[in-house]
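Peer 1: The structure's right below; bear with me while I get my questions together.
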Amino acid sequence: MAGRAAPAPGALLCALLCAAAAAGGGPGDNPAPGAFGHVYRGAVNISSERVYAFAYRSEPGQVDAVRVYVNSSSENLQYPVLFVVRQQKGVLSWQVPLIFRGLYQRTYNYQEVSRTLCPSEPTPETRPSDQIIFVDVASMAPFNIAYELLVTRLENFQLETNKAFNFTASPSQPQYFLYRFPQDVDSVIINVVSDAAYPCSVVSVQDIVCPVYDLDHNVEFNGVYQSMTKQAAITVQRKDFPGEQFFVVFVIKPEDYACGGSVPSSIHGNVNRTWNLQRTKNLQVTIVPSIKKSVYVQAMFFSFLSFLSFYLGSVVVAFVHYIRVQRKASAGRLSPEHGSGMMTSSHPISASTPEGSSYGAIDESSSSGRPQLSSPERRAPAGSDTDSSVEEESDFDTMPEIESDKNIIRTKVFLYLSDLSRKDRRIVSKKYKIYFWNIITIAVFYALPVIQLVITYQTVVNVTGNQDICYYNFLCAHPLGVLSAFNNILSNVGHMMLGFLFLLIVLRRDILHRRAMEMKDIYTLDYGIPKHFGLFYAMGIALMMEGVLSACYHVCPNYSNFQFDTSFMYMIAGLCMLKLYQTRHPDINASAYSAYASFAVVISLAVLGVVFGKNDMWFWVIFSLIHVLASLALSTQIYYMGRFKIGECYMGMFRRAVMVLYTDCIQQCSRPTYMDRMVLLIVGNLVNWSFAIFGLVYRPRDFASYILGIFICNLLLYLAFYIIMKLRSSEKLLPIPMFCIVATAVVWAAALYFFFQTLSSWEETPAESREKNRPCILLGFFDDHDVWHFLSAAALFFSFLVLLTLDDDLDTVRRDKIPVF
């Protein structure tokens, strides 16, 4: 950079030079007056050295910076040229060739070096002051080594707000500049861009302290820093710098592996060999003001009020439903044939038709013309839905002949809900409550170490200043307190608020259901879908925990804690499938213990996939095999309606599956015995086998999202099958579930659009991840991923309401008239 000529040396410089001349000594003892902008050429050896003195006048309140350029044509590493710069409050030294060390002890030497000297601090004096710099040049070589020296004063050392500044840097020629906060700015964002990804560089923000750490081996010693390819952004707050000013340091690394690049091909296999590489990079830095405190307040109000509107809407609809029920009751329109005394409604927060304690006897003569199978047990009192020690075993059947009867019943070609709701209601209800209590236990034990770990991560980031630890969208990362990206945490409030609202809706349905049971109305015993709310409660807790753990993950998103953000996503998808299956199969659904154990296996596979799934073919072979076998095992269990235990004999299960294919599809050459189930299972297996083949061939890098995609596709497939079969059975969709279905589809479509707007990726290096960073898009505070959080929370809430209200039209239909599919 060009420098301007300094004024003539003042009285202080003349006095020092005269004193040195009067003292006598060797040729290097007498400093030679130096001029800024002039190139000095000379040679040094063991018996000679050169000293140059440069003086300049510093104006009051002004920060002056001086840059020293040196060059030597010698590549002799045994006898480098030593340069020592002495200032009023510090000493800076380096050698030429300047040596940098890379990976595996590779070395790189540079003959051209330029350094910016630590600037003098502005003095409170009202008159100019004289400053002197001494540059000593020496060498221990027994022969002359030539060198060149150039000292200049920097014109553009101080960066300005909202003004782009372009410059060039290299490993041996780092740059740094000064920035002062304007009076009305409390926070700024330092944006750095480059047209070229490589060479890899580092951007650092350091306090006004000498020395300035501006070399590859020491830039991480002070302040905050980021590695960079094409883009970097650092948010700096005024409160972190008492002097209200800081240095922005730019360092070019000697190798690119830290930014995801490879070691130069020319040096592969040449360990400990020196190379004079030309690695220059053009950079542009722009410092812009960040958001004000008022934007934080607006963003928090927006987040909470947006989801409080869901509460208000629920209250309004509940009130409207209450008025309608009261009008019908006063008009006497609730006849016994339509559920006398029942609070039937299609509303998502209304009560549904309750059922009897044992679901009653199965009158086959009224439905299918088959022999009548009666239950020998007495009906329990309607209000006896209490926990009891004699009911602790959730899998215990209260019907003595249940094992012999269920094989007869479940082999019928046409099954009705009464065939699969024969167990005691209290036992089955208690079985599903275990889902709720187990997920609370899992959430507590899972969340506590997670919170402790992310607090540790955030503390490490704040103490070390290493912003490569966490993969934020740095162009839209707004700090608050100790948190580096408060906006990513705030946007998860929707999951927690809507999860709690769903729990309130389910609780209200549960309470109204219990009240209806206490009325002991005979018409409430054998109508509608059996009401078991345990899985719904578990889904609400899972939605809340997804918000908590997603917020924890976004405290410091990285490779080590990705599973925090996905674990409860798997559980939500699994619980929704279980709930959909439980609706018409209440007696044969999976137990809570086996379900959560399966989720644990899935989460473990997700972790193993991220660790080993990138390049290890053996992992994909094993995973695809497990995936296909699990699909076959689950298909066999569903096809036979749980008439045998998977754990009893795996080979027997697969033998039976082969026999079904042979007898139904080959030997008879006719339609399968259970056509609807067969169609679902064939399509489901094709989808899952396609996923397995896709994973085996392409080995996607984002294994966690790959697993989640498998869950979501299976859930959507089953939900579509359920709705189609419901309509095919001449059942209808009431307005509320229809609205929820449409809202779910629309919101999910919008949410997925923002989900695929990748803003960072911990599968790449931090520098490569920052290339994907984008500015905020909502209120100047939230980015695309925050919008995904908002919309996905609403989409999950509507999805839960679909499952809760989908079969409200059956509340006045006898169970022996409701088909099973």
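Every residue gets a Cβ built from N, Cα and C, even glycine.
As annotated in TrEMBL:
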COMPBIAS  342-356  compositional bias 'Polar residues'
COMPBIAS  365-375  compositional bias 'Low complexity'
COMPBIAS  388-398  compositional bias 'Acidic residues'
REGION    333-398  region 'Disordered'
SIGNAL    1-25  signal peptide
TRANSMEM  299-323  transmembrane segment
TRANSMEM  435-455  transmembrane segment
TRANSMEM  489-507  transmembrane segment
TRANSMEM  535-556  transmembrane segment
TRANSMEM  562-581  transmembrane segment
TRANSMEM  593-612  transmembrane segment
TRANSMEM  618-641  transmembrane segment
TRANSMEM  678-697  transmembrane segment
TRANSMEM  703-724  transmembrane segment
TRANSMEM  736-756  transmembrane segment
TRANSMEM  787-806  transmembrane segment
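Each of these features: where is it, how hidden is it, and who are its neighbours?
Peer 2: Long-range contacts of the transmembrane segment (535-556) within the same chain: residues 432-433, 435-436, 438-440, 443, 446-447, 450-451, 454-455, 457-458, 461, 469-470, 483-485, 488-489, 492-496, 498-500, 502-503, 506, 562, 564-565, 567-569, 571-572, 575-576, 578-579, 582, 789, 793, 796-797, 800, 803-804, each at least 6 residues beyond the stretch ends and with a Cβ under 8 Å from a Cβ of the stretch.
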Peer 1: Are the transmembrane segment (299-323) and the transmembrane segment (489-507) near each other by the rule of at least 3 C-beta pairs under 8 angstroms (pairs 6 or more apart)?
Peer 2: yes
Peer 1: Relative to the transmembrane segment (299-323), which of 435-455, 678-697, 736-756, 787-806 accounts for the most Cβ pairs at distances under 8 Å?
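Peer 2: Checked against 435-455, 678-697, 736-756, 787-806; highest Cβ contact count belongs to 787-806.
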Peer 1: Six or more residues out from either end of the transmembrane segment (678-697), which same-chain residues have a Cβ under 8 Å from its Cβ atoms?
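Peer 2: Those are 620-621, 623-624, 627-628, 631-632, 635, 638-639, 664, 672, 706, 709-710, 713-714, 717-718, 721, in sequence order.
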Peer 1: Under 8 Å between C-beta atoms and at least six residues away from its ends: which parts of the chain pack against the transmembrane segment (562-581)?
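Peer 2: Tertiary neighbours of the transmembrane segment (562-581) are 435, 439, 446, 450, 454, 535-536, 538-539, 542-543, 545-546, 549-550, 552-554, 589-590, 595-596, 598-599, 602-603, 606-607, 610, 638, 704-705, 707-708, 711-712, 714-715, 718-719, 722, 762, 796, 799-800, 803.
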